[in-house]
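Record features, source TrEMBL:
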TRANSMEM  62-79  transmembrane segment
TRANSMEM  91-110  transmembrane segment
ACT_SITE  115  active site
TRANSMEM  130-155  transmembrane segment
ACT_SITE  139  active site
């Protein structure tokens, strides 16, 4: 089922294109309002999701590069072994692979990931202007792909 790697390539292409556009048109940390709940806001993340390990002195760059390469190899091998009827598994894996490669390219080039999508909304009684973690197209690929894989896992477990 390696034929689904075209989907990974689409994620990488869109990720690179939108990150380039963000770096060309946005000023770091300055939000550009798109809607009442969405901003474009350029930030650089040296850590993992939610900036985990961001201020660790540099070792995290190499750790996440090695991790992304290993995960990508694992996913490619898994894709290679899938049967024709495992289309949704292939789609989920291809999305995760595209996202991993998109963020891997950033880490190799600059040691940090370009993020620019900033959702914000009120959380009643908690925070009137809550901002979700800023993210990018690669993160969307990883999240949607992982959600598909989790759904498949839960659905197939329920059938057993």
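A Cβ is built for glycine as well, from the same backbone N, Cα and C atoms used for every other residue.
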Quiz item: At the level of the C-alpha atoms, what whole-angstrom distance separates residue 115 (active site) and residue 139 (active site)?
Solution: 9
Quiz prompt | For residue 139 (active site): DSSP state (helix, strand, coil) | solution = helix
Quiz prompt | Secondary structure at residue 115 (active site), reduced by DSSP to three states | solution = strand
